[in-house]
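Sequence annotations record features per position, and here TrEMBL assigns transmembrane segment to B:12-30, B:36-53, B:65-85, B:97-120, B:147-165, B:192-218, B:230-255, B:261-282.
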C-alpha cells in the first residue's frame, strides 16, 4: 500500500548531541505506527522535525503522499494534513474550547464561518468533548478535557496523518481507557496515526507496527509482540544484565 | 477647588486618557504577540502626524483632514510591516530577541526621527483641526477637536476589540500571541500574523499622532513623551486583557491632570514614574493584569 507519510534519513543534532540519527520509516493509509523508547530517545524530536515545529531536520527527506514537504514552512505542512498534538496539553488558554478548534478548521478549510464552525463542533464531538462545555475558556478546563481540545483541533485540520505525542500522559486509568477508545474510533474511520506512548499496554493494543528508538537511533521495528520481546529493546528499557 | 475646576480637570484627564489608551494599545499588542518592546513606537506616532499633515494640510497635498488621517494610517500600517520585516523578523528565533530588538527598534526610531527632520525640517507644524471652536456641555467647555478625538478614538478601540474577539484574523492574532507553536500546528502563518500585528500597532500609533498633531505643535521628536506615557500605561495596567491598558490609560490621564494642577507640569512625569515604580514593586503584573503574557 502506498505510504501516506515517509521519512528518509532524518537526522537532527544539538551541538554534539545527536538527537535523531538517520531514521527511515513509512506509514500506510489507515495504519497505526507506534513509537516507543526511553526518555530522551528522540521520539518527540522526531515529531518536531516532521512538523518543523519548532525546528527542522538537519538532513533527510519527509514525503507526504509521495510529495517532499521538508522545504515547506510549518503552517503549510499543517495545512497539507500533518497534524500533531503535544505531550503537554497545548491549547490557547484565553480562547474558548470551540474557538481553539475553530482556529484549526479555519486554518485548514478556508470556508465560510458557518462551515468552519460546524467542522469544529464535529471535531469536538468526534474527540468526545462534552457539548455543554464548548464555550468554556480552555485554560480553565481539567487536563483530560484540554487534551481532548488539542486532539479535536488536530482533527479539525482534516489531517492525512495524525501525530499523537503521549496522549495518555498525566491521565487516570479511566481517562487512558477513553483515549484508547478514541484512537480505536479514529482507526475505524481510516485515520493514519503515528503514536508516541509510554503506556505500553495502550501502545501495543492500538499499533499495527512498532518502532523503538534509543539515543536517536532506530533499534527495532516490526509487529508489536515481536518488538517488545526483542533483547535490544529490553536492554534499552531495563539496562544490560551484569 | 470649585466644581468648575474639578470638572475641567476631569475632562482634561479623560481626553488625555483616551489618547494614552490608543498609544498604549500598540505597545501592548506587540509585547503580548511578539514578546518585544518596540522603541520605535514614539517615532511611529510622529510619522503618522507628519504624513497626515502632508496628505491633508493646504501646505501639503491639501486633501483635507479626514483623507489625510486615513492615508496616514494606511501608510503607517505599511511602514509597520516594513519595520517588523527589517528590524524584528531577522531575530525572531534568537535567544536574545528582547535585547536585540531593543537595540534595533531604538536604531529604527533614531533613523525615522532624523528622516522626519530631513524631509519636513525642524520647524513646528500643526495639522489643521477637523473642527474649530469650542463646545459647552453644562459646566464643561471642550475644544471641538478634542470631542472629535474622543469619539473617533472610542470608536477605533471598540472596533479593534471587536476585530480581535470576533473575526477569524483577530482570533488568529490572539492565538499566535498565546501559543506560537500550537498556532503553527493549526496552520496559522505566524510570520504573516506577526507582521500584521506590528502593522496594526503602527497604524494605531499613527492615528494617535494625527490627533496629537492637531491639538499640539508637531516636531520630529513629538513621539518621545507619548512613548514614555504609553510605557507607564502598559506597566500600570498589565497586558492580561485588551481592556487592561484602557483602564490604566484613563487612570494615568486623570492622575496627570490632577498632578499638573496640584504639583505642576514639570513634576508630573516624576509623579507618574514614581507610581509606575511602586506598581512594579507591589503588583508587577499590573493593576489589571494576571501573571501571564496574553491578550
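Cβ coordinates come from backbone N, Cα and C, glycine included.
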Query: Which one of these stretches, B:12-30, B:36-53, B:147-165, B:192-218, B:230-255, has the most C-beta pairs shorter than 8 Å to the transmembrane segment (B:97-120)?
result: B:36-53
- line: Comparing B:12-30, B:147-165, B:230-255 for Cβ pairs under 8 Å with the transmembrane segment (B:192-218), the winner is B:12-30
Query: In terms of Cβ proximity under 8 Å, which residues at least six beyond the ends of the transmembrane segment (B:147-165) contact it?
result: 14-15, 18-19, 21-22, 25, 129-131, 135, 171, 173-174, 200, 204, 207, 211, 214-215, 242-243, 246, 295
Statement: Outside the transmembrane segment (B:65-85), at least 6 residues beyond either end, the same-chain residues with a Cβ under 8 Å of its Cβ set are 34, 40, 44, 47-49, 51-57, 105, 108, 127-130, 194-196, 198-203, 205-207, 209-210, 214
- prompt: What same-chain residues lie close to the transmembrane segment (B:12-30): Cβ under 8 Å, and 6 or more beyond its ends?
  reply: 36-38, 41, 44-45, 142, 146, 149-150, 153-154, 156-157, 160, 173, 177, 197-198, 200-202, 204-205, 207-208, 211-212, 226-227, 229-231, 233-234, 237, 239, 242, 244-246, 248-258, 295
